[in-house]
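Enquirer: What follows is a structure written as structure tokens; I'll ask about it next.
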């Protein structure tokens, strides 16, 4: 067969200009040119390489050029190193792609290791390449390999408890690349490494070969692995049928990694490897014999990217190579080459960014170890040996009527986990065969002695059996009587009068206590409002001194049938740390309710929707672990399934342990909401598609539906964005439920941010909400899966609890600090508002709860002012203009009086009243403080601008008087600090008898100002005052220039 050496040269350009000193990136491909029986033949892989180059061209500013140099050769370990040397000497490639054949790959890999040149292949499956010694240190296998098949087989043996023996049969002509030998080699080494007795034999393609094979099987093992052509398997099975080796004592694993036996052929239909061009009797014998056969194949990637890639691959193969390829598992190898090229480009780019060079092949290869990324073939995980983790499928005759083979299990190499589809394997005897049954291989065991028993031994044996049967029968009868007694006693029953509530409305079913997480916790149920918001309620009460949760049942009465009694008994029997304890039930109409353990921390839904609670991933994994443990126990209990699992049915107790509630008691369940209500559809967001269709399901189906609900809860915990979060879509619960129920491809599922979440967690979510229930894992598998990627899961229960409590305490401290700061800020605002209404000293007295007594002041100075012509101005202005005018004026005044030792008493309309000398006495400074303030206000008015009448001058009239007053707080609602006395009236008369833009002062004020000798006053004369007679008054003109004043 031809072995072309193809060179793909990629010239990297940055913005169309090559950097100085840069050179082309050379990729040398060494693969068979014409033999399509190889999955790595160039016509199969070439289109994938071209697609990879195009993908790199779209992602990077590169100029792609293909240069080929074809040399004739064979898939030979002798010619391959010669070709490798030629490529190195004449082209100096940066990466070798291939070979896929084992022997050529071994030779070329040794040279590549010496040159420190990366060698990337999706073939070379042999186990010897896994030991990355000095010979193969630059080899990277991005495709399947035999050791990974061995890992899968070892896990199968562990699952079926096969720990002793196995037999291997394979074809090895030694004239080709020995594909069957290298495939089964991985199984042999893995089983031998697990301390099993493993025997192997080459199948002889000659007369008597089938008889030799069955003789080898009888002598060496009940678990048989066969690797060879389908015709070889048919021959062995026909002979096994003749010798009665297909009676269920043996199982035959057929290693058909590319699934050729399951494809349709000239003489067989798809999925029926037993069909062949034989006689009717032989065909029937083969069909019966194949019931004992399990087929192992690679797993075709289920992601839509691979399907699209395969379609493009077939088109390019036809257009570029003139080859018609069919969809098959062989195309997986092309996809692995595609992902390998993109992996190399990604690592090379990182290496250069870190200061490395493309010539540093060892560094590039080391950076590929342990890498995880998503390619067209799904999740690509490289192990520490730079071998890709491989997925496999186990096929069994799932339909005994048609004889069709169907997937029984999927193996994930990345997770080291087997996912059983739920389709039972049709074991002939109903159970898997034993790998080392007694007296089958070890005849030296004394128990295998078949010497007949004596008459006395037979009598003794019969008597013993009779006594045993009598004892068992007595025990069963006693157990039956005790069961009936327990059912009749109704230990679960609670009288309504035994329940105590916090209020007297015992019969009021709507009396729920609204709870908050930071105080007492909240409910187990959620109600959706018309606006889509959740309101959480819990009905709680006391039973025998303990707080309990009470769930009312929307039924008029409960018939105590035998089924209902058994349901209640089972609820009492089921006790587990992660299930809420069932206390009892009240069936007294109309107060029918279920009483369970109360968990004060609230529901999981409450916690996730409370943004003030910080949940790190340790805490989240703890909650997930608790949920998985509870569901695993529930599924293995007599209750078997939940049926309504959702985050509101998961509650957290005082020790931060998550518990599952609202399980069991199917006879008590009823739907209170209308069929088309918003709340009803909101509760169905966690419901599996098969339940939404309304078809009744068996118990196993309900368990798979619980797994779907768990997947939705996982998404809630991961994103904390509510159930069934959809990025960029605003759909009602009804629309979401309808889309899920329709089941159209692509299946409608919540949004996932893969960049922010653990890839394994995302994979678990997707498997949990798979459309086909058989593809969903059970909770036992989920428990093992989470244990592997939860790094904190190994801590003790006490450590975990302490960590949870510490985190919760930190959250509470942070919450208290935030609330305290908010309280202090609001207190400051309230006090500031109070100080604006009342004097500071008076406000402090009121804050201390003291009574403010009226106080007399011997001498204070009072200021009054108003606007001349304000009535006429108001009549010519709108109310809003008047308000704006007064607001602007008094804002200006308030800013000015802050500079003086004065207290603003009040404003009424255009009147403005200020006093100095109270409530804090200031000696004789009250008169000059008011005088200076009045001068400042008069000066400000001269430049004040009226918005709606900018050309008008505002004319202020001011009156000032000094004398004794009495002051105190008046009223309870809107209390005011008021002044009383003749001095107030006199000051008002001084203002009303004054003149515009002048300050009118009394003689007492003039005398107080004269003591300072710095104020300029002018005698006005005697003025007639209403109620006062004639009073001598003065005009305050200003303050003389001096050290402390201005004129």
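Every residue number used here counts from 1 along the chain in the order it is shown.
Every residue gets a Cβ built from N, Cα and C, even glycine.
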Enquirer: Could you tell me which of the ranges 399-418, 419-438, 439-458, 459-478 is annotated in Swiss-Prot as transmembrane segment?
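Expert: Among 399-418, 419-438, 439-458, 459-478, the range Swiss-Prot annotates as transmembrane segment is 459-478.
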Enquirer: Of the residues 195, 610, give the one that Swiss-Prot describes as N-linked glycosylation site.
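Expert: The N-linked glycosylation site feature in Swiss-Prot corresponds to 195.
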Enquirer: Of all the glycosylation sites here, 35, 161, 195, 244, 349, which one's CB has the most other CB atoms within 10 A?
Expert: 35
Enquirer: DSSP on the domain 'Guanylate cyclase' (861-991): how many residues come out helix, how many strand, how many coil?
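Expert: Summed over the domain 'Guanylate cyclase' (861-991), the classes give 52 helix, 39 strand, 40 coil.
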Enquirer: For the disulfide-bonded residues 75, 101, which Cβ has the most other Cβ atoms within 10 Å, all shown protein chains included?
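Expert: Sorting the candidates by Cβ neighbours within 10 Å, the top entry is 101.
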Enquirer: Check the Cα-Cα distances from residue 161 (N-linked glycosylation site) to the glycosylation sites 35, 195, 244, 277 and tell me which is shortest.
Expert: 195
Enquirer: Where does residue 349 (N-linked glycosylation site) sit in the DSSP three-state scheme?
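Expert: It is helical.
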Enquirer: What whole-number Å value do you get for the CA-CA distance of residue 349 (N-linked glycosylation site) and residue 195 (N-linked glycosylation site)?
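Expert: With distance taken Cα to Cα, residue 195 (N-linked glycosylation site) is 44 Å from residue 349 (N-linked glycosylation site).
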Enquirer: Neighbour count, 10 Å Cβ-Cβ cut-off, for residue 277 (N-linked glycosylation site): what number do you get?
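Expert: So the number of other Cβ atoms within 10 Å of residue 277 (N-linked glycosylation site) is 10.
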Enquirer: Tell me, what is the mean pLDDT of the domain 'Protein kinase' (513-786)?
Expert: 81
Enquirer: Write down the Cα-Cα distance for residue 101 (disulfide bond) and residue 277 (N-linked glycosylation site), rounded and given in Å.
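Expert: Between the alpha carbons of residue 277 (N-linked glycosylation site) and residue 101 (disulfide bond) there are 32 Å.
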